Amino acid sequence: MDSPPGPTAPPGLTQGPSFMASTTLHSHWNSTQKVSTRAQLLAVSPTASGPEAAAWVPFPTVDVPDHAHYILGTVILLVGLTGMLGNLTVIYTFCRSRSLRTPANMLIINLAVSDFLMSFTQAPVFFASSLYKKWLFGETGCEFYAFCGAVLGITSMITLTAIALDRYLVITRPLATIGMGSKRRTALVLLGIWLYALAWSLPPFFGWSAYVPEGLLTSCSWDYVTFTPQVRAYTMLLFCFVFFLPLLVIIFCYISIFRAIRETGRACEGWSESPQRRRQWHRLQSEWKMAKVALIVILLFVLSWAPYSTVALVAFAGYSHILTPYMSSVPAVIAKASAIHNPIVYAITHPKYRAAIAQHLPCLGVLLGVSSQRNRPSLSYRSTHRSTLSSQSSDLSWISAPKRQESLGSESEVGWTDTEATAVWGAAQPASGQSSCGQNLEDGMVKAPSSPQAKGQLPSLDLGMQDAP
């Protein structure tokens with residue numbers, strides 16, 4: 001009886017001695033820590049034997065035109081430069097602007113830091129290796145490169161989850177946010193995010209999976225190709241706890257946010273217009289717009305990582321033999337491009353960020369088309385913030401004196417946004433009747449200018465991306 005045929009080469013590639021990776025490149029990669037991984041990789045190649053077998057890797061470098069390396073290298077270079085400059089701008093602007101320097105926005109700064117480091121550590125190495133059409137930095141360099149990509153990618157995903165949770169609590173459970181917005185607690189959240197990312201990125205150094213070359217052998221990642229229980233267990237848990245579970249949390253948060261806003265709008269329909277209700281509606285609009293900005297960033301991040309995740313899941317399912325070098329390298333570049341979305345989205349849709357750029361980076365503000373009349377966010381923030389605090393001292397009279405003093409002191413210390421402070425009062429009102437709409441937000445919001453169109457009708461909740469008033 002004939003024995004079953006062995007695995008075949010990926011489509012479009014020839015199999016034979018050229019299926020082996022460069023002996024020079026991998027001669028330093030024979031450490032004992034990779035014995036199990038290398039042994040499994042050998043089983044995929046029926047022609048590998050002897051010294052060549054120890055150097056074999058899952059993706060060949062033959063039959064790949066030079067221009068493929070150069071194109072990928074050029075793209076990753078542009079992505080890296082854009083990511084570094086854009087995220088540096090976000091970090092600088094958020095740190096310089098008083099109106100943006102809030103504990104909640106520390107999550108955005110953390111996202112910008114992780115995206116900047118992703119561009120800084122990944123793009124130059126990928127670009128240099130693409131120019132030479134091979135990996136240049138040895139086994140240690142490969143492990144460090146892949147480790148940085150893993151920890152920074154996980155940090156970004158968990159930070160986006162924390163941003164979604166923050167928006168969820170502010171809009172749907174405002175009373176729960178009293179005292180939770182301090183700088184110390186935010187710092188603990190950020191520390192937890194980085195420790196969580198490290199916990200999932202370190203196991204390959206201790207024998208649970210491994211960091212190996214991938215695609216065109218000009219970049220590295222965790223080993224998702226080897227079909228062993230150990231490697232597959234790591235891949236499965238990694239996807240569950242750093243991708244699918246955070247994604248489910250984000251979906252839950254935004255469904256809850258949308259339902260809360262819709263129910264608030266319905267509760268306020270049919271009642272006579274009042275200045276308090278207009279202020280409530282404007283603040284609800286502003287908070288919803290900020291939530292939409294975060295949602296856009298999250299969606300772009302997930303879409304960027306979706307192709308790469310699909311490739312890894314195909315290999316996890318046991319179909320790694322259908323993967324070609326292009327099917328691994330191109331999704332890897334798309335995933336690394338997730339680092340450029342954050343600054344672009346904020347430059348287009350975040351009104352306070354645009355105004356802060358015009359103030360602190362006037363040349364960039366001109367490019368964004370921001371009017372010079374909006375170049376003083378700090379001054380308006382101080383005025384509005386003082387008004388909010390003074391008004392809350394009377395409007396929050398339903399809270400006992402010690403707790404009220406604690407709440408106001410906490411807000412003054414950590415710099416709550418107007419909407420977050422307003423939400424505390426709004427959530428404490430009855431859930432039905434005219435009082436739920438007419439008395440929800442009698443704190444110190446600057447009175448909105450009246451207009452003939454506004455006197456007899458409650459403004460509808462704007463779901464567009466126009467600037468908040």
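Just so it is clear, glycine is given a Cβ too, placed from its N, Cα and C backbone atoms.
In Swiss-Prot, the feature N-linked glycosylation site is assigned, of Asn30, Asn87, to Asn30; the remaining candidates carry no such note in the record. Relative to the membrane, Ala128 and Leu364 occupy opposite sides according to Swiss-Prot. Looking at Cys95, Cys142, Cys148, Cys268, the record from Swiss-Prot puts Cys220 in a disulfide bond with Cys142. Note: the topological domain 'Extracellular' (209-237) comprises 9 helix, 8 strand, 12 coil (DSSP; helix = H, G, I, strand = E, B).
DSSP assigns Cys142 (disulfide bond) to a helix in the three-state reduction.
Against the transmembrane segment (238-258), the recorded stretches 107-127, 144-164, 188-208, 296-316 differ in Cβ pairs under 8 Å, and the greatest number is found for 144-164. Sorting each residue of the topological domain 'Extracellular' (317-328) by its DSSP state yields 7 helix, 0 strand, 5 coil. Sequence-distant neighbours of Cys220 (disulfide bond) (same chain, 6+ residues apart, CB-CB distance under 8 A): Trp135, Cys142, Glu143, Tyr145, Ala146, Gly149, Tyr211, Val212, Pro213, Glu214.
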